[in-house]
Amino acid sequence: NQDKRAAHEDSEPSTEVNHTASSYQGRQETVMNLRGIDGNEPTEGSNLLNSNEKVQETPAEPNHLQRRRQTHACPPHVTMVVLLWAVVWSVTGTECLPGGNLFGIIMLFYCAIIGGKLFRLIKLPTLPPLPPLLGMLLAGFLIRNIPVISDNVQIKHKWSSALRSIALSVILVRAGLGLDSNVRSAVSPAVVVPSMLLLQEGGYGVEKGIPTLLMAAGSFDDILAITGFNTCLGMAFSTGSTVFNVLKGVLEVIIGVVTGVVLGFFIQYFPSSDQDKLVWKRAFLVLGLSVLAVFSSTYFGFPGSGGLCTLVTAFLAGRRWASTKTDVEKVIAVAWDIFQPLLFGLIGAEVSITALRPETVGLCVATLGIAVLIRISVTYLMVCFAGFNIKEKLFISFAWLPKATVQAAIGSVALDTARSHGEKQLEGYGMDVLTVAFLSILITAPVGSLLIGLLGPRLLQKAEQNKDEEDQGETSIQV
């Protein structure tokens, strides 16, 4: 009993000491909480503000309320649009009024954006979303073929041709940078990539890398189509013997490659990597040189060399910009977001229902059908010895059906070149090429997107979960 009493007496002082220490620590925490960030003693005003902040704290809005608030932020957006128009009108005058050139460009740009957003809202269950570029294309088509609107929204051919050429330059830069697997998904076709990403998230065809294969081949497909088209276009509009035209096409390829190598090595080291705002400077240089190459090649009579020069320049520059290449590509993507509505809107605005003849439309559809059949057959033959089964070969063949970005970029080049020559017969041929491009986008983009969404789950094998994930799931359940 005496030992217990002694132990109890010894524990009482320690309990008192602990109580005193805890109370002192509590007072210190209270004082520190009342102090400001700078460590000064709080004043009466700061205490009042702190108490008001605690009272006025409100719970965060749910996500759907935030989205609704952003969606209905109409007055600021309308104000910015009106302000933009007012600033341009104050500088240009009648050019920004109905019937003027700048008024037509601004109206086409905003109508194309609205059309793209409306198509983005159309969602079908278990199917990939419809590409927004269809809304942009149809917006330009409606502007051209509604009489009241077409009288007030007019764009000069020279301006529309220049804007399409700039959009083509942006596409070529993205394709050149896309020759690296790190950024391939950002530059591949606009219809194939969303559908492939949706299948990849579901695990379809992942084990054999089918979605990655299709996305990686997008850049090479764009390069082959654009380069081949420009070379053939230069030969078609050349005058002289056939041998001279063939030699001129080869000469255009050589000029484009050599110029691209020189410019590519130039922007690899200029600007230097120790400068401020390096990403913006590199993006501006590669875009500016690309636009200059496309326009100057047409001016000097070598239209096929400009696109190839742009591709080589962007490719060589991207190999040196290993650390900042992805950031540069993001800046280029912003430029594409601006010129994409203009490109598809201008393509749609070039097609007039009154100028279309039934036999022309029939021939265009027949040509498109034959080309698609040949493409599907060749694609199937190319993957016959790649280790895929029959279902996977069929899916890969049909996955190349959609046509969009490249067709919009090069579809009007023949018409613009014919207009520069001033020959009516050549303009008719150029209009036929543009009609084929328009119909190919209008038909193959939605049909191809739906086919990928329908055939993917049925023809591709779904990947199983890894054993590590299963073991981790079982461990979490036990815990």
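Glycine is no exception: its Cβ is also placed from the backbone N, Cα and C atoms.
Not measured: the values here are computed from a predicted model.
TrEMBL lists 1-65 with the feature region 'Disordered'. Under the heading compositional bias 'Basic and acidic residues', TrEMBL lists 1-11. Feature annotation from TrEMBL assigns compositional bias 'Polar residues' to 14-31, 43-53. Annotation comment: TrEMBL describes 73-92, 98-119, 131-150, 223-247, 253-271, 283-302, 331-349, 361-388, 433-455 as transmembrane segment. Per TrEMBL, domain 'Cation/H+ exchanger transmembrane' is recorded for 185-453.
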| request: Using Cβ atoms only, state whether the transmembrane segment (98-119) and the transmembrane segment (331-349) have three or more pairs under 8 Å that are 6 or more apart in sequence. | output: yes
| remark: If one takes Cβ-Cβ under 8 Å and requires six or more residues beyond its ends, the residues near the transmembrane segment (361-388) are 208, 210, 394, 396-398, 400-401, 432, 435-436, 439-440, 443-444
| field | Top partner of the transmembrane segment (131-150) among 223-247, 253-271, 331-349 - counted as Cβ pairs under 8 Å | value | 331-349
